[in-house]
Amino acid sequence: MTTDGADYRRLLHGRQNSHQAPVDGADGFEDDNLAAPQSPPHNVGARPQRDLGSADWGVFGSMKIVLFKSKLNLLIPCGFLAILIDYTSQNQGWVFPLSLLGIIPLAERLGFATEQLGLFTGRTAGGLLNATFGNATELVISIHALRSGKLRVVQQSLLGSILSNTLLVLGCAFFGGGLACGKTEQAFRKEDAVLNSGLLLMAVMGLVSPAMLYYTHTEVNLGQSALALSRFSSCIMLVAYAAFIYFELSNSRRRDEASEGGGGDQGDDDYEYAYPEISKWEAVAWLGIFTAWISVFSDFLVDAIEGASKAWKIPIAFISTVLLPIVGNAAEHASAVMFAVKDKLDISLGVAIGSSTQISMFVVGCSTMCCSLPLI
């Protein structure tokens with residue numbers, strides 16, 4: 001009996017120790033699984049949410065991404081060299097090209113900061129931001145030219161920007177997309193193309209009417225009738241552009257729901273899964289910094305137009321209509337071609353034609369209303 005009682009106590013003690021400290025091995029995993037079974041995830045098949053706080057943001061990280069990521073930033077010192085040459089030798093033949101080279105990377109980085117900010121606002125608002133700040137370079141150059149009294153330079157640069165976006169940027173996007181996609185047929189939404197084409201047609205009618213009145217010499221008051229008709233056309237274009245923005249913003253939610261219900265296209269999915277590289281307020285700060293430096297370089301650029309025309313023996317009309325729009329549209333040009341190569345033709349059309357629409361209806365209208373600039 002004593003032996004049996006001792007054996008019973010040792011067996012009971014061993015069971016207690018086995019519950020308190022399980023040994024490693026299969027039995028331990030079995031006990032763990034029995035004690036805390038893992039429940040299956042509830043969001044299987046659901047669309048992953050964007051984690052905006054997972055990025056490693058900071059001042060130095062932002063500077064590294066914005067300033068050192070693009071090799072095009074190697075041209076930024078050309079702008080400072082142009083300022084140095086202007087103060088030392090005033091050689092306008094060198095100040096103008098160096099200012100152009102200095103503005104190109106700033107315009108591209110301005111587009112990058114706008115794209116990063118658009119990731120926090122959604123597709124429609126992001127597209128409007130891209131169209132607005134994408135034309136900031138042309139707007140800044142036009143403001144400096146108006147302050148210098150060079151009205152013809154402003155008119156030619158705005159016209160050149162419309163032609164550059166519609167013909168050069170869009171043509172390069174189609175050509176690059178065709179080469180990259182090979183035999184694949186690229187498609188785009190017909191509704192957006194028709195809407196932008198209608199706005200461009202309205203802008204053409206608004207630009208042609210004052211020109212017909214001026215060149216047919218049918219004005220009642222010479223010089224005043226064309227300006228009055230230009231202001232009237234500008235009012236119509238500004239109202240139409242405001243209605244276009246309201247339509248885009250009010251229908252953005254409906255389009256998003258329709259794309260989610262129908263599975264969406266590849267461009268929408270890529271935008272949904274795109275992660276920002278910098279924070280929202282860092283993007284806003286970089287927008288202000290790049291706009292300020294573009295304004296500084298544009299001041300020297302506009303002042304050197306006449307000197308560069310004489311030094312290079314190139315007409316001012318060629319500089320205003322061709323060179324200035326190419327520099328101002330550098331960001332749109334790169335973005336449109338990049339999206340077309342990735343088979344996102346809808347975004348390319350929105351960048352190119354949307355920029356032309358904004359210049360022809362908003363920038364030209366504001367210039368006419370605020371600065372008494374006729375549309376001829």
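Any Cβ shown, glycine's included, is placed from N, Cα and C.
The transmembrane segment annotation in TrEMBL falls on one of the ranges 158-181, 278-301, namely 158-181. Beyond its flanks by at least six residues, the transmembrane segment (72-88) meets 94-96, 98-99, 101-106, 108-109, 293, 296-297, 300, 303-304 of its own chain at Cβ-Cβ distances under 8 Å.
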